[in-house]
Amino acid sequence: MAYHLCSSPSSLCHDHHYLHNSLSFSRKSRLRSFNSFSFKPNSLSLHSRTFLQITHVSLEDPIPQETQKADASNPPNSQDPDRKTKSYIWVNPRSPRASKLRQHSYDARYASLVKIAESLDSCEATEEDVSQVLRCLGDKILEQDAVIVLNNMTNPETALLAFGFFRKRLKPSREVILYNVTLKVFRKCRNLDRAEKLFDEMLERGVKPDNITFSTIISCARVSSLPNKAVEWFEKMPEFGCHPDDVTYSAMIDAYGRAGNVDMALKLYDRARTEKWRIDPVTFSTLIRIYGMSGNFDGCLNVYEEMKALGVKPNLVIYNTLLDAMGRAKRPWQAKNIYKEMTNNGLQPSWGTYAALLRAYGRARYAEDALIVYKEMKEKGLELSVVLYNTLLAMCADVGYTEEAAAIFEDMKSSGNCMPDSWTFSSLITIYSCSGKVSEAEAMLNAMLEAGFEPNIFVLTSLIQCYGKANRTDEVVRTFDRLLELDITPDDRFCGCMLNVMTQSPKEELGKLIDCIDKANPKLGNVVKLLLEEQNGEGTFRKEASELFDSISADVKKAYCNCLIDLCVNLNLLEKACELFDLGLTLEIYIDIQSKSPTQWSLHLKSLSLGAALTALHIWMNDLSKAVEVGEELPAVLGINTGHGKHKYSDKGLASVFESHLKELNAPFHEAPDKVGWFLTTKVAATSWLESRSAPELVAV
């Protein structure tokens, strides 16, 4: 029945339009008849609704006997002026005649045609069986019948046979309609290959495809997760004289985005906003993903807000896509807000929701939030993947959650569906190494080897750090040799770890470590050797250190400079420590160390190692002494900012060490009660102390 088909909601099912236009009364005719009545549109009664339903009787259907008798009193040659144009009659819906008319209307016939389609879906895919099912239609088959049967089928094998049956017995006014509804069957079962073959057959038979043909094949490719094919069919349309409508254009935003043609997708989206196309939630999800993959995370949020402004209700896929984007953006606070909005809208989190939250919280080191999500997943019986377990373990390694990591690892092993991989073992070895738990780190290394994984550079770097903390220099050297045996090239981070071990080792052990460093990075080895030499050419040490910093990656320069200064402080090489710190300032490795305002001068140390911080303090106090000597006016307040944090694997922070060091120097700086990590003094106290002090000596780190 035309009315029922047209009312079915589908963004791409344009073929319903055919049923509306070609197989029922014309719209103009209906409007003329309807307008002959004088009631308002908003006052439709039960009677008027019944009238509208009865108008769906097809012109091809036999006229019920009651109607024929009723019209006998008004024959065609009567003088009734309305006789020629009157298409409808009104029948009291409560009368027996109304129920009989309903039985003879196309409503009843439509229901029987749907049952025929169901029979065709379940019968054997042979011409004989299909023909037997369709014989009940009789010899006089209507084009309308064929369209409805095919439109309600889902079996591609029997649909093709039914299509052939109808094509032999019908001379449709537009054969393309039968092809289009058959293509819809292939779209339902996501069989693009069959759809393409049927399209080729259309061309061979001289049937010209129309917009509906292309939109159906495009949507078939789209639901089949073949976006490149959707693009290919979309770009074929002009050569057949077909022009996409707004709905097809909107669908292509999604297809181009999935196919990787981001520029075209965004270009169509800009046009969609200008021309106010209707965009479905799937396309909005693709747009959010496009912006997320390109790193435009504000663009993700803009699309989300635009979607809500247009009245499109976000579904679970959109929320999950947005949560994933906020995770990659390291914006866990926004992920929290989006998740809260999602649950407030009545949507229940899926596995994908929890996975996106775990990644978002894990990457941003929101440890407590990540563990809450993890526990909720376990309570709901949701299984974690290896990637999610590793995300949790890596987060635990970064924040020093040793006990939590051990529990998660045991849960992973007992899950039955996740086996630890090399990254799992690497995270656990890192945790135990940073905590100084040598035996646990070695046990985990053995478990890794038994599982068939060779240690990578990350594992060996962690082990060297572990042995360095325990002052087991020989084990450090053996681990370094193992790295070379595995043919692994030492990287900047590995060499930085070796350098850090040197800052923790006694002087008599340094020779063993220098040999390793020299093999790993000759430039670094040369700088360390020059550092240990009491005499070297003027400017040689600074020149070699400068060349070293130019040769290493930017993300390790501060760590190298910190370690080299720590080594100088340990060996009481104050002059070289100051030279390195000055070089760090010159090369902008250290920035924003000092700040000055009319009321306060401050020294900012929270990004420095202990040795570098002590060196910076020494230089700053010398600068203050010179200022006092030349009569420069000091501000009312002087401050030292050490920060209030502690190392994740240590109970000590820079503030606690500096508090005792300032007392040793008898410096008048005292920790501010209302500003944690700040040590302040007044102009009067600082001036008096600076005038009386001698140059301070640095203490060993």
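Glycine is treated like the rest: Cβ placed from N, Cα and C.
Quick look at what TrEMBL lists:
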type: REGION; residues: 65-87; note: region 'Disordered'
type: COMPBIAS; residues: 65-79; note: compositional bias 'Polar residues'
type: REPEAT; residues: 175-209; note: repeat 'PPR'
type: REPEAT; residues: 210-244; note: repeat 'PPR'
type: REPEAT; residues: 245-279; note: repeat 'PPR'
type: REPEAT; residues: 280-314; note: repeat 'PPR'
type: REPEAT; residues: 315-349; note: repeat 'PPR'
type: REPEAT; residues: 350-384; note: repeat 'PPR'
type: REPEAT; residues: 385-419; note: repeat 'PPR'
type: REPEAT; residues: 421-455; note: repeat 'PPR'
type: REPEAT; residues: 456-490; note: repeat 'PPR'
type: DOMAIN; residues: 603-687; note: domain 'Smr'
Beyond the flanks of the repeat 'PPR' (210-244) by 6 or more, those residues with Cβ under 8 Å of it:
12, 14-15, 17-18, 176, 179-180, 183-184, 186-187, 190-192, 195-196, 199, 202, 251-252, 254-259, 261
Mind checking how the repeat 'PPR' (421-455) divides into helix, strand and coil residues in DSSP?
26 helix, 0 strand, 9 coil
Under an 8 Å Cβ to Cβ limit, what residues of the same chain, 6 or more beyond the ends of the repeat 'PPR' (315-349), are close to it?
281-282, 284-285, 288-289, 291-292, 297, 300-301, 304, 307, 356-357, 359-361, 363-364, 366, 369
Return the average pLDDT for the repeat 'PPR' (315-349) as a whole number.
92
